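First comes the structure, then the notes that go with it.
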Amino acid sequence: MALIVQKFGGTSVGSPERIASVAKKAATFREKGHSLVIVVSAMSGETNRLLALAHEINPNPEPRELDVLLATGEQVTIALLSIAIAKYHLPVRSYTGAQARIRTDSAYSKARIQNIDTKQIFHDLNLGRIVVVAGFQGIDDKGDITTLGRGGSDTTAVALAAALKADECQIYTDVDGVYTTDPRVVPEARRLNSLAYEEMLELASLGAKVLQIRSVEFASKYNVPLRVLSSFEENGEGTIITAETERMEEPLISGIAFNRDEAKLTILGVPNEPGVAYRILEPIAGANIEVDVIIQNVGQDGTTDFTFTVHRNDYQRALRILKDTSVQLKAREVIGDDNIAKVSLVGVGMRSHAGIASTMFRILAEEKVNIQMISTSEIKISVVIDEKYLEASIQALHTAFNLAKPTG
Ligand code: ADP
Ligand code: ASP
Ligand code: MG
(Lines of atoms letter the chains of each structure in order from A and count residues from 1; the text may use other names and numbers.)
(Lines give C-alpha, C1' and ligand atoms only; values in the text may rest on other atoms or scores of the structure.)
(Ligands and ions follow the chains in the order given, each with its own letter.)
Protein backbone atom coordinates (compact mmCIF):
# COMPACT_ATOMS: atom_id res chain seq x y z
CA MET A 1 0.00 0.00 0.00
CA ALA A 2 1.21 3.45 -0.83
CA LEU A 3 1.74 6.62 1.17
CA ILE A 4 0.34 9.47 -0.87
CA VAL A 5 0.42 13.20 -0.25
CA GLN A 6 -2.42 15.00 -2.01
CA LYS A 7 -2.81 18.75 -2.36
CA PHE A 8 -6.08 20.48 -3.22
CA GLY A 9 -5.91 24.09 -4.44
CA GLY A 10 -8.33 26.93 -3.79
CA THR A 11 -10.93 26.12 -6.44
CA SER A 12 -10.88 22.45 -5.43
CA VAL A 13 -12.02 23.41 -1.91
CA GLY A 14 -13.93 26.55 -2.96
CA SER A 15 -17.39 25.56 -1.65
CA PRO A 16 -18.99 23.09 0.79
CA GLU A 17 -19.81 20.86 -2.21
CA ARG A 18 -16.19 20.87 -3.39
CA ILE A 19 -14.97 20.07 0.12
CA ALA A 20 -17.46 17.20 0.32
CA SER A 21 -16.15 15.88 -2.97
CA VAL A 22 -12.53 15.98 -1.68
CA ALA A 23 -13.66 14.08 1.41
CA LYS A 24 -15.30 11.46 -0.80
CA LYS A 25 -12.11 11.07 -2.81
CA ALA A 26 -10.14 10.66 0.42
CA ALA A 27 -12.53 7.95 1.60
CA THR A 28 -12.07 6.07 -1.69
CA PHE A 29 -8.27 6.19 -1.37
CA ARG A 30 -8.43 4.99 2.26
CA GLU A 31 -10.71 2.11 1.21
CA LYS A 32 -7.97 0.95 -1.13
CA GLY A 33 -5.65 0.81 1.87
CA HIS A 34 -3.44 3.80 1.07
CA SER A 35 -2.08 6.10 3.76
CA LEU A 36 -3.10 9.67 3.12
CA VAL A 37 -1.77 13.11 3.98
CA ILE A 38 -3.90 15.89 2.49
CA VAL A 39 -2.65 19.46 2.11
CA VAL A 40 -5.23 22.16 1.39
CA SER A 41 -5.21 25.77 0.27
CA ALA A 42 -7.57 28.48 1.45
CA MET A 43 -10.99 28.45 -0.25
CA SER A 44 -10.70 30.24 -3.60
CA GLY A 45 -10.59 34.02 -3.29
CA GLU A 46 -9.99 33.90 0.45
CA THR A 47 -6.29 34.85 0.46
CA ASN A 48 -7.05 37.82 -1.81
CA ARG A 49 -9.96 38.83 0.40
CA LEU A 50 -7.78 38.80 3.52
CA LEU A 51 -5.03 40.75 1.74
CA ALA A 52 -7.50 43.41 0.61
CA LEU A 53 -8.92 43.66 4.12
CA ALA A 54 -5.49 44.28 5.59
CA HIS A 55 -4.64 46.90 2.97
CA GLU A 56 -7.96 48.64 3.53
CA ILE A 57 -7.05 49.09 7.17
CA ASN A 58 -3.39 49.95 6.53
CA PRO A 59 -1.74 50.28 3.10
CA ASN A 60 1.51 49.09 4.67
CA PRO A 61 0.60 46.18 6.90
CA GLU A 62 3.22 44.84 9.28
CA PRO A 63 4.64 41.67 7.59
CA ARG A 64 4.47 39.55 10.74
CA GLU A 65 0.80 40.36 11.27
CA LEU A 66 -0.03 39.90 7.60
CA ASP A 67 1.26 36.32 7.82
CA VAL A 68 -0.81 35.69 10.95
CA LEU A 69 -3.82 36.91 8.97
CA LEU A 70 -3.18 35.05 5.70
CA ALA A 71 -2.50 31.75 7.46
CA THR A 72 -6.08 31.73 8.73
CA GLY A 73 -7.43 31.00 5.23
CA GLU A 74 -5.90 27.54 5.20
CA GLN A 75 -6.85 26.90 8.83
CA VAL A 76 -10.52 27.21 7.91
CA THR A 77 -10.14 24.64 5.14
CA ILE A 78 -8.33 21.98 7.20
CA ALA A 79 -11.10 22.06 9.78
CA LEU A 80 -13.91 21.96 7.21
CA LEU A 81 -12.30 19.11 5.28
CA SER A 82 -11.72 17.11 8.46
CA ILE A 83 -15.34 17.64 9.47
CA ALA A 84 -16.37 16.41 6.00
CA ILE A 85 -14.10 13.33 6.18
CA ALA A 86 -15.43 12.41 9.62
CA LYS A 87 -18.86 11.88 8.04
CA TYR A 88 -17.36 8.71 6.49
CA HIS A 89 -16.51 7.49 10.02
CA LEU A 90 -12.82 7.66 9.17
CA PRO A 91 -10.30 8.81 11.79
CA VAL A 92 -8.83 12.16 10.77
CA ARG A 93 -6.63 14.87 12.31
CA SER A 94 -6.15 18.41 11.05
CA TYR A 95 -2.99 20.44 11.69
CA THR A 96 -1.92 23.98 10.96
CA GLY A 97 1.61 24.37 9.54
CA ALA A 98 2.94 25.09 13.03
CA GLN A 99 1.18 22.08 14.54
CA ALA A 100 2.58 19.89 11.75
CA ARG A 101 6.01 21.22 12.82
CA ILE A 102 6.85 22.75 9.47
CA ARG A 103 9.85 24.86 10.47
CA THR A 104 10.73 27.80 8.21
CA ASP A 105 13.08 30.77 8.21
CA SER A 106 11.66 34.14 9.30
CA ALA A 107 11.17 35.77 5.89
CA TYR A 108 7.52 36.72 6.32
CA SER A 109 5.40 36.30 3.15
CA LYS A 110 8.16 34.34 1.41
CA ALA A 111 9.47 31.98 4.06
CA ARG A 112 11.43 28.88 3.11
CA ILE A 113 10.84 25.49 4.67
CA GLN A 114 13.92 24.34 6.58
CA ASN A 115 12.75 21.08 8.08
CA ILE A 116 9.69 19.11 9.10
CA ASP A 117 9.46 16.99 12.22
CA THR A 118 7.38 14.07 10.98
CA LYS A 119 6.98 12.19 14.28
CA GLN A 120 3.38 13.21 14.96
CA ILE A 121 2.26 12.65 11.36
CA PHE A 122 3.77 9.15 11.27
CA HIS A 123 2.14 8.42 14.62
CA ASP A 124 -1.25 9.41 13.20
CA LEU A 125 -0.74 7.46 9.97
CA ASN A 126 0.22 4.37 11.97
CA LEU A 127 -3.10 4.66 13.80
CA GLY A 128 -4.85 4.70 10.42
CA ARG A 129 -5.72 8.40 10.58
CA ILE A 130 -5.97 10.64 7.56
CA VAL A 131 -3.80 13.68 8.21
CA VAL A 132 -4.96 17.06 6.89
CA VAL A 133 -2.34 19.82 6.86
CA ALA A 134 -2.74 23.54 6.14
CA GLY A 135 -0.68 24.54 3.12
CA PHE A 136 1.27 27.77 2.61
CA GLN A 137 2.47 28.17 6.20
CA GLY A 138 4.95 27.23 8.85
CA ILE A 139 6.55 28.44 12.05
CA ASP A 140 9.96 30.03 12.57
CA ASP A 141 12.35 29.38 15.45
CA LYS A 142 10.84 32.25 17.45
CA GLY A 143 7.46 30.53 17.27
CA ASP A 144 6.05 33.08 14.79
CA ILE A 145 3.65 32.07 12.01
CA THR A 146 5.12 32.46 8.51
CA THR A 147 3.71 32.04 4.99
CA LEU A 148 5.50 30.65 1.95
CA GLY A 149 4.50 33.04 -0.87
CA ARG A 150 1.53 32.89 -3.25
CA GLY A 151 0.87 29.37 -4.48
CA GLY A 152 2.85 28.05 -1.50
CA SER A 153 0.56 25.12 -0.70
CA ASP A 154 2.21 23.25 -3.58
CA THR A 155 5.50 23.58 -1.74
CA THR A 156 4.02 22.40 1.56
CA ALA A 157 2.75 19.27 -0.19
CA VAL A 158 6.03 18.43 -1.92
CA ALA A 159 8.10 19.19 1.19
CA LEU A 160 5.85 16.88 3.22
CA ALA A 161 6.09 14.19 0.54
CA ALA A 162 9.89 14.49 0.65
CA ALA A 163 10.05 14.41 4.46
CA LEU A 164 7.64 11.45 4.70
CA LYS A 165 9.28 9.67 1.74
CA ALA A 166 5.85 9.38 0.16
CA ASP A 167 5.38 7.27 -2.95
CA GLU A 168 3.83 10.15 -4.86
CA CYS A 169 2.77 13.75 -4.43
CA GLN A 170 -0.49 14.51 -6.23
CA ILE A 171 -1.41 18.13 -6.95
CA TYR A 172 -5.17 18.37 -7.60
CA THR A 173 -6.22 21.57 -9.33
CA ASP A 174 -8.77 23.00 -11.78
CA VAL A 175 -7.02 21.70 -14.92
CA ASP A 176 -6.24 18.03 -15.59
CA GLY A 177 -2.48 18.41 -15.91
CA VAL A 178 0.30 20.61 -17.18
CA TYR A 179 -0.44 21.90 -20.66
CA THR A 180 1.72 23.08 -23.54
CA THR A 181 0.66 26.56 -22.43
CA ASP A 182 -2.03 28.05 -20.19
CA PRO A 183 -5.25 26.48 -21.56
CA ARG A 184 -7.13 29.64 -20.55
CA VAL A 185 -5.12 31.60 -23.13
CA VAL A 186 -4.81 28.97 -25.87
CA PRO A 187 -7.84 26.65 -25.95
CA GLU A 188 -6.02 24.21 -28.28
CA ALA A 189 -3.27 23.72 -25.69
CA ARG A 190 -2.59 20.04 -25.09
CA ARG A 191 -2.03 18.19 -21.84
CA LEU A 192 1.46 16.75 -21.48
CA ASN A 193 1.68 13.17 -20.21
CA SER A 194 5.10 13.65 -18.69
CA LEU A 195 7.68 16.34 -18.08
CA ALA A 196 11.22 16.41 -16.70
CA TYR A 197 11.83 18.37 -13.50
CA GLU A 198 14.13 20.78 -15.31
CA GLU A 199 11.45 21.64 -17.89
CA MET A 200 8.81 22.17 -15.21
CA LEU A 201 11.30 24.27 -13.28
CA GLU A 202 11.78 26.53 -16.30
CA LEU A 203 8.06 26.68 -17.07
CA ALA A 204 7.24 27.57 -13.45
CA SER A 205 10.00 30.15 -13.13
CA LEU A 206 9.00 31.74 -16.46
CA GLY A 207 5.40 32.22 -15.39
CA ALA A 208 3.36 28.98 -15.62
CA LYS A 209 1.51 29.38 -12.31
CA VAL A 210 0.20 25.81 -12.25
CA LEU A 211 2.95 24.91 -9.73
CA GLN A 212 4.89 27.16 -7.38
CA ILE A 213 8.53 27.06 -8.47
CA ARG A 214 9.82 26.10 -5.01
CA SER A 215 7.64 22.98 -5.07
CA VAL A 216 9.37 21.83 -8.26
CA GLU A 217 12.78 22.60 -6.75
CA PHE A 218 11.91 20.42 -3.75
CA ALA A 219 10.58 17.63 -5.95
CA SER A 220 13.72 17.65 -8.05
CA LYS A 221 16.10 17.84 -5.10
CA TYR A 222 14.45 14.97 -3.21
CA ASN A 223 13.30 13.04 -6.26
CA VAL A 224 9.59 13.17 -5.35
CA PRO A 225 7.39 11.94 -8.22
CA LEU A 226 4.96 14.79 -8.74
CA ARG A 227 1.62 14.42 -10.52
CA VAL A 228 -0.73 17.25 -11.53
CA LEU A 229 -4.39 16.16 -11.80
CA SER A 230 -7.89 17.57 -11.94
CA SER A 231 -9.94 17.48 -8.76
CA PHE A 232 -13.05 17.77 -10.92
CA GLU A 233 -12.62 14.45 -12.73
CA GLU A 234 -12.79 10.90 -11.43
CA ASN A 235 -10.20 9.38 -13.71
CA GLY A 236 -7.25 10.63 -15.66
CA GLU A 237 -3.50 10.20 -15.51
CA GLY A 238 -2.70 13.91 -15.35
CA THR A 239 0.90 14.93 -15.91
CA ILE A 240 3.73 13.11 -14.17
CA ILE A 241 6.87 15.12 -13.47
CA THR A 242 10.01 13.12 -12.77
CA ALA A 243 13.75 13.11 -13.44
CA GLU A 244 13.37 10.93 -16.51
CA THR A 245 10.53 11.10 -18.96
CA GLU A 246 9.39 8.15 -21.01
CA ARG A 247 8.88 10.07 -24.22
CA MET A 248 9.82 8.19 -27.37
CA GLU A 249 11.38 11.29 -28.83
CA GLU A 250 12.17 14.55 -27.09
CA PRO A 251 9.94 17.24 -28.57
CA LEU A 252 11.81 20.40 -29.49
CA ILE A 253 9.50 22.55 -27.43
CA SER A 254 7.52 21.21 -24.49
CA GLY A 255 5.69 24.36 -23.61
CA ILE A 256 5.26 28.12 -23.73
CA ALA A 257 5.28 30.15 -20.53
CA PHE A 258 4.48 33.81 -20.15
CA ASN A 259 4.64 36.47 -17.53
CA ARG A 260 2.98 39.87 -17.22
CA ASP A 261 4.58 40.63 -13.89
CA GLU A 262 7.63 42.51 -15.11
CA ALA A 263 8.51 46.09 -16.00
CA LYS A 264 11.42 47.44 -18.03
CA LEU A 265 13.82 50.27 -17.17
CA THR A 266 16.41 51.90 -19.42
CA ILE A 267 19.18 54.32 -18.60
CA LEU A 268 20.32 56.12 -21.76
CA GLY A 269 23.69 57.64 -22.53
CA VAL A 270 25.84 56.30 -19.72
CA PRO A 271 29.64 56.37 -20.11
CA ASN A 272 30.82 53.18 -21.82
CA GLU A 273 33.53 52.21 -19.35
CA PRO A 274 34.37 49.42 -16.90
CA GLY A 275 32.22 49.31 -13.80
CA VAL A 276 29.13 50.98 -15.26
CA ALA A 277 26.90 47.87 -15.16
CA TYR A 278 27.96 47.40 -11.57
CA ARG A 279 27.22 51.01 -10.63
CA ILE A 280 23.75 50.75 -12.20
CA LEU A 281 22.71 47.42 -10.69
CA GLU A 282 24.42 47.56 -7.30
CA PRO A 283 21.94 50.05 -5.76
CA ILE A 284 19.05 48.04 -7.24
CA ALA A 285 20.33 44.83 -5.66
CA GLY A 286 21.02 46.79 -2.46
CA ALA A 287 17.31 47.64 -2.32
CA ASN A 288 16.54 43.92 -2.53
CA ILE A 289 15.07 44.26 -6.03
CA GLU A 290 15.59 41.25 -8.25
CA VAL A 291 16.67 41.87 -11.83
CA ASP A 292 15.67 39.47 -14.58
CA VAL A 293 16.60 40.15 -18.22
CA ILE A 294 19.49 42.56 -18.91
CA ILE A 295 20.81 44.07 -22.14
CA GLN A 296 23.50 46.61 -22.85
CA ASN A 297 23.81 48.20 -26.28
CA VAL A 298 27.13 48.74 -28.00
CA GLY A 299 27.80 52.44 -27.78
CA GLN A 300 29.16 54.57 -30.59
CA ASP A 301 29.96 57.94 -29.10
CA GLY A 302 31.58 56.63 -25.93
CA THR A 303 28.21 56.15 -24.27
CA THR A 304 25.89 53.19 -24.01
CA ASP A 305 22.27 52.34 -23.10
CA PHE A 306 21.51 49.82 -20.40
CA THR A 307 18.12 48.09 -20.01
CA PHE A 308 16.84 45.59 -17.44
CA THR A 309 13.56 44.19 -16.13
CA VAL A 310 12.27 43.93 -12.55
CA HIS A 311 9.05 42.69 -10.97
CA ARG A 312 6.21 45.16 -11.63
CA ASN A 313 5.71 45.60 -7.88
CA ASP A 314 9.26 46.95 -7.66
CA TYR A 315 8.96 49.21 -10.72
CA GLN A 316 8.41 52.59 -9.02
CA ARG A 317 11.13 51.93 -6.46
CA ALA A 318 13.59 50.84 -9.16
CA LEU A 319 12.75 53.90 -11.24
CA ARG A 320 13.54 56.24 -8.34
CA ILE A 321 16.85 54.49 -7.65
CA LEU A 322 17.81 54.55 -11.33
CA LYS A 323 17.07 58.28 -11.55
CA ASP A 324 19.50 58.89 -8.66
CA THR A 325 22.11 56.74 -10.38
CA SER A 326 21.56 58.65 -13.60
CA VAL A 327 22.49 61.93 -11.88
CA GLN A 328 25.67 60.38 -10.48
CA LEU A 329 26.67 58.85 -13.83
CA LYS A 330 25.67 61.98 -15.78
CA ALA A 331 23.45 59.82 -17.97
CA ARG A 332 21.21 61.40 -20.59
CA GLU A 333 17.82 60.01 -19.53
CA VAL A 334 15.94 57.29 -17.67
CA ILE A 335 12.86 55.74 -19.26
CA GLY A 336 10.59 52.91 -18.19
CA ASP A 337 7.71 50.78 -19.39
CA ASP A 338 5.44 48.61 -17.28
CA ASN A 339 3.28 47.39 -20.16
CA ILE A 340 5.59 44.60 -21.20
CA ALA A 341 5.29 40.83 -21.15
CA LYS A 342 7.77 38.00 -21.43
CA VAL A 343 7.10 34.95 -23.59
CA SER A 344 9.33 31.89 -23.27
CA LEU A 345 9.73 28.66 -25.21
CA VAL A 346 10.90 25.75 -23.05
CA GLY A 347 12.09 22.28 -24.02
CA VAL A 348 14.97 19.91 -23.29
CA GLY A 349 14.98 19.02 -27.01
CA MET A 350 16.23 22.54 -27.70
CA ARG A 351 19.66 21.56 -26.46
CA SER A 352 20.44 19.56 -29.57
CA HIS A 353 18.65 21.68 -32.15
CA ALA A 354 19.73 24.91 -33.74
CA GLY A 355 17.26 27.25 -35.35
CA ILE A 356 14.56 27.40 -32.68
CA ALA A 357 15.37 31.02 -31.92
CA SER A 358 15.29 32.04 -35.56
CA THR A 359 11.93 30.31 -36.07
CA MET A 360 10.58 32.08 -33.00
CA PHE A 361 11.80 35.47 -34.25
CA ARG A 362 10.34 34.83 -37.74
CA ILE A 363 6.91 33.98 -36.29
CA LEU A 364 6.93 37.13 -34.17
CA ALA A 365 8.05 39.21 -37.19
CA GLU A 366 5.13 37.79 -39.20
CA GLU A 367 2.83 38.89 -36.37
CA LYS A 368 4.49 42.35 -36.56
CA VAL A 369 5.60 42.04 -32.95
CA ASN A 370 8.71 43.97 -32.02
CA ILE A 371 11.15 42.06 -29.78
CA GLN A 372 12.47 44.39 -27.11
CA MET A 373 14.80 42.02 -25.26
CA ILE A 374 16.02 38.46 -25.67
CA SER A 375 17.45 36.02 -23.15
CA THR A 376 18.38 32.39 -23.67
CA SER A 377 19.64 29.39 -21.74
CA GLU A 378 20.20 25.76 -22.72
CA ILE A 379 16.53 24.82 -22.66
CA LYS A 380 14.67 28.12 -23.02
CA ILE A 381 14.37 31.27 -25.12
CA SER A 382 12.57 34.30 -23.70
CA VAL A 383 11.58 37.51 -25.42
CA VAL A 384 10.20 40.69 -23.92
CA ILE A 385 7.43 42.28 -26.00
CA ASP A 386 4.67 44.86 -25.70
CA GLU A 387 1.98 43.38 -23.44
CA LYS A 388 -0.78 44.06 -25.95
CA TYR A 389 0.66 41.48 -28.36
CA LEU A 390 0.98 38.76 -25.73
CA GLU A 391 -2.05 36.56 -26.52
CA ALA A 392 -1.56 36.76 -30.28
CA SER A 393 2.14 35.90 -29.94
CA ILE A 394 1.52 32.87 -27.75
CA GLN A 395 -1.23 31.69 -30.08
CA ALA A 396 1.01 32.06 -33.18
CA LEU A 397 4.00 30.34 -31.55
CA HIS A 398 1.82 27.50 -30.27
CA THR A 399 0.57 26.86 -33.80
CA ALA A 400 3.95 27.31 -35.50
CA PHE A 401 5.69 24.82 -33.23
CA ASN A 402 2.86 22.28 -33.66
CA LEU A 403 2.23 22.10 -29.95
CA ALA A 404 -1.41 21.14 -30.33
CA LYS A 405 -0.41 17.90 -32.10
CA PRO A 406 0.39 14.90 -29.89
CA THR A 407 4.03 13.79 -29.82
CA GLY A 408 5.53 10.39 -28.91
P1 ADP B 1 -4.68 26.02 -7.50
O2 ADP B 1 -5.60 27.00 -6.88
O3 ADP B 1 -5.27 24.65 -7.61
O4 ADP B 1 -3.32 26.02 -6.88
P5 ADP B 1 -3.67 27.62 -9.71
O6 ADP B 1 -4.61 28.66 -10.18
O7 ADP B 1 -2.56 28.03 -8.82
O8 ADP B 1 -4.55 26.46 -9.02
O9 ADP B 1 -3.04 26.83 -10.95
C10 ADP B 1 -3.86 26.28 -11.95
C11 ADP B 1 -3.96 27.25 -13.12
O12 ADP B 1 -2.68 27.40 -13.74
C13 ADP B 1 -4.85 26.78 -14.25
O14 ADP B 1 -6.18 27.12 -14.02
C15 ADP B 1 -4.26 27.47 -15.47
O16 ADP B 1 -5.00 28.61 -15.86
C17 ADP B 1 -2.88 27.96 -15.02
N18 ADP B 1 -1.79 27.55 -15.91
C19 ADP B 1 -0.82 28.38 -16.39
N20 ADP B 1 0.01 27.73 -17.21
C21 ADP B 1 -0.42 26.45 -17.26
C22 ADP B 1 0.02 25.28 -17.96
N23 ADP B 1 1.11 25.30 -18.75
N24 ADP B 1 -0.66 24.15 -17.78
C25 ADP B 1 -1.75 24.10 -16.98
N26 ADP B 1 -2.24 25.16 -16.31
C27 ADP B 1 -1.58 26.33 -16.44
N1 ASP C 1 -3.80 30.39 -0.41
C2 ASP C 1 -2.48 30.74 -0.90
C3 ASP C 1 -2.59 31.59 -2.18
O4 ASP C 1 -3.69 31.92 -2.60
C5 ASP C 1 -1.61 29.55 -1.12
C6 ASP C 1 -2.07 28.59 -2.21
O7 ASP C 1 -3.22 28.62 -2.65
O8 ASP C 1 -1.24 27.74 -2.60
O9 ASP C 1 -1.60 31.96 -2.73
MG1 MG D 1 -1.62 27.28 -7.12
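Including glycine, each Cβ sits where the backbone N, Cα and C put it.
Just so you know, TrEMBL annotations never went through curation; they're auto-generated.
Listed features, source TrEMBL:
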- Lys7, Phe8, Gly9, Gly10, Thr173, Asp174, Tyr179, Arg184, Lys209, Val210: ATP binding site (BINDING)
- Thr47, Glu74: substrate binding site (BINDING)
- 265-343: domain 'ACT' (DOMAIN)
- 345-408: domain 'ACT' (DOMAIN)
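In this structure, Gly9 (ATP binding site) belongs to neither helix nor strand by DSSP; it is coil. Here the C-alpha separation of Lys7 (ATP binding site) and Glu74 (substrate binding site) works out to 12 Å. Our reading of the ATP binding annotation (Lys7, Phe8, Gly9, Gly10, Thr173, Asp174, Tyr179, Arg184, Lys209, Val210) yields a largest Cα to Cα distance of 22 angstrom. Across the structure, Glu74 (substrate binding site) and Gly9 (ATP binding site) are spaced 10 Å apart at their Cα atoms. When the binding-site residues Lys7, Thr47, Thr173, Tyr179, Lys209 are checked against ligand 2, Thr47 have a Cβ within less than 6 Å of one of its atoms. Spatially, by CA atoms, the binding-site residues Gly9, Thr173, Tyr179, Lys209 include one closest to Thr47 (substrate binding site), and that is Gly9.
Taking every protein chain shown into account, Lys7, Lys209 are the binding-site residues, and of these the Cβ with the most other Cβ atoms within 10 Å belongs to Lys7.
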